[in-house]
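K.L.:
Here it is, the structure in full.
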Ligand code: TYD
Ligand code: MG
């Protein structure tokens with residue numbers, strides 16, 4: 001009997017070892033090395049589907065390569081296009097990660113149903129009937145999308161050869177299984193082998209492949225880190241499951257920027273693209289309430305108006321509580337210290353709660369000024385005018401610092417009907433004749449004059 005061939009893989013980073021050891025040399029994690037059965041046949045008879053392989057071209061000089069013909073497939077979903085940098089690049093491998101139940105399958109099925117191309121949607125997780133039921137909710141009239149329930153890569157390639165799709169979606173990479181490796185689906189060696197086969201397929205036929213990847217408890221895509229290095233684009237689908245908003249961002253993109261953000265709203269009939277997020281992120285109120293301030297932030301190239309809410313109250317327990325949702329708690333503590341030391345507000349004995357509405361997380365430093373304004377407003381119990389907004393960073397000495405692309409923020413605020421925007425005096429602004437008042441300030445005291 002032939003000896004069973006096994007190798008040891010670190011389940012954290014995917015490093016390979018000949019024998020077991022306690023700690024992984026590559027990522028230094030303990031107890032992550034596990035044995036996996038691998039068995040390569042003598043001669044690999046797997047080949048790229050020939051009919052589609054015909055499209056493979058001979059070597060070309062770089063200036064002979066024609067980019068004018070559809071280098072990208074337009075998905076007809078403007079948020080998805082934006083995050084990808086303008087559409088799906090031919091021959092690219094995209095990995096979409098996200099927590100279970102966040103809507104990865106829904107998003108890709110929806111994109112598949114909208115695509116004006118022949119799509120093969122391969123699912124290893126749901127039956128054809130289940131997918132049909134989901135499709136009924138989203139977009140029941142489609143003639144271009146084929147559903148295949150299969151987990152063996154060799155069978156998938158066989159079907160691709162017959163069908164000749166223009167794009168392939170795989171739900172999910174962890175359910176795939178290749179005959180050339182003996183270990184079970186979802187193991188490091190299987191994921192690696194299946195991804196390699198798919199990359200070979202995508203590059204040789206220029207058919208783009210989108211993979212869904214599961215996420216582990218600590219937020220990493222399950223499987224080797226190498227998976228992220230192997231693919232061209234890594235997208236992350238995230239959001240608070242209690243909120244209806246879902247955010248799509250690119251963690252890695254060989255063909256575009258990683259700053260872009262796509263926003264969706266989960267509805268009964270699938271995901272709705274949110275093209276003007278500012279309108280929903282700002283809650284509508286009949287009366288002015290203290291503790292609310294609006295920040296003019298930027299996510300990628302897109303301006304976003306975000307509402308910051310603060311609640312400052314006398315601490316009932318000895319140690320005051322500080323808590324922040326959607327904002328870095330350390331940064332909140334820093335801003336509170338600045339307020340205490342530089343502007344003389346006694347916040348040391350108060351509880352401070354901060355919330356960014358809409359369940360989104362912001363890391364644009366331009367939100368600082370709105371955070372300070374919301375805290376001051378709640379502390380003094382004076383409402384800030386609803387049509388004021390803020391865009392500036394706050395430094396350790398209480399100085400108001402300039403932020404990048406301030407003019408774009410001002411124009412967005414103007415478009416949304418704000419009457420004044422507070423920015424740093426040190427921002428260079430060459431805008432002329434705006435209907436919005438640009439309030440230049442240089443320290444926290446200047447802000448206090450206006451709002452308290
Ligand atoms: P799903 O795409 O199955 O998540 P994932 O593939 O990331 O695990 O998303 C399932 C959730 O989305 C589920 O809780 C139901 C909800 N949903 C809607 O609210 N509306 C819809 O139209 C669909 C299809 C799903
Ligand atoms: Mg799913």
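Every residue gets a Cβ built from N, Cα and C, even glycine.
OK, TrEMBL features for this one:
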- 98, 99, 100, 101, 102, 103, 104, 105: ATP binding site (BINDING)
- 69-215: domain 'RecA family profile 1' (DOMAIN)
- 351-452: region 'Lon-protease-like' (REGION)
- 252-256: motif 'RadA KNRFG motif' (MOTIF)
K.L.:
Out of 101, 102, 103, 105, which binding-site residues have CB atoms lying under 6 Å from ligand 2?
P.N.:
105
K.L.:
Over the domain 'RecA family profile 1' (69-215), what does the predicted model average in pLDDT?
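P.N.:
Here the predicted model's pLDDT, averaged over the domain 'RecA family profile 1' (69-215), is 89.
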K.L.:
Can you go through the binding-site residues 99, 100, 101, 102 and pick out those with a C-beta less than 6 angstroms from ligand 1?
P.N.:
100, 101, 102
K.L.:
For residue 102 (ATP binding site), list the number of other Cβ atoms lying within 10 Å of its Cβ atom.
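P.N.:
There are 20 such Cβ atoms around residue 102 (ATP binding site).
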K.L.:
What counts of helix, strand and coil residues does DSSP assign across the region 'Lon-protease-like' (351-452)?
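P.N.:
Its residues divide into 37 helix, 27 strand, 38 coil.
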K.L.:
Radius 10 Å, atoms counted are CB only; among the binding-site residues 98, 100, 101, 103, which position scores highest?
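P.N.:
Its Cβ has the most other Cβ atoms within 10 Å: 98.
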K.L.:
According to DSSP, collapsed to three classes, what secondary structure does residue 98 (ATP binding site) have?
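P.N.:
DSSP assigns residue 98 (ATP binding site) to strand.
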K.L.:
Name, in the order they occur in the sequence, the residues of the same chain whose CB lies under 8 A from the CB of residue 105 (ATP binding site) and which sit 6 or more residues away.
P.N.:
123, 125, 126, 134, 171, 212
K.L.:
Quick check: which same-chain residues outside 98, 99, 100, 101, 102, 103, 104, 105 lie with their CB within 8 A of the centre of the ATP site CB atoms?
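P.N.:
Close Cβ neighbours, site residues excluded: 106, 237.
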K.L.:
Enter the number of other CB atoms within 10 angstroms of the CB of residue 99 (ATP binding site).
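P.N.:
Step by step: centre on the Cβ of residue 99 (ATP binding site), count other Cβ atoms within 10 Å, giving 17.
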K.L.:
Quick one: what's DSSP say for residue 105 (ATP binding site), helix, strand or coil?
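P.N.:
The residue in question, residue 105 (ATP binding site), is helix (DSSP, three-state).
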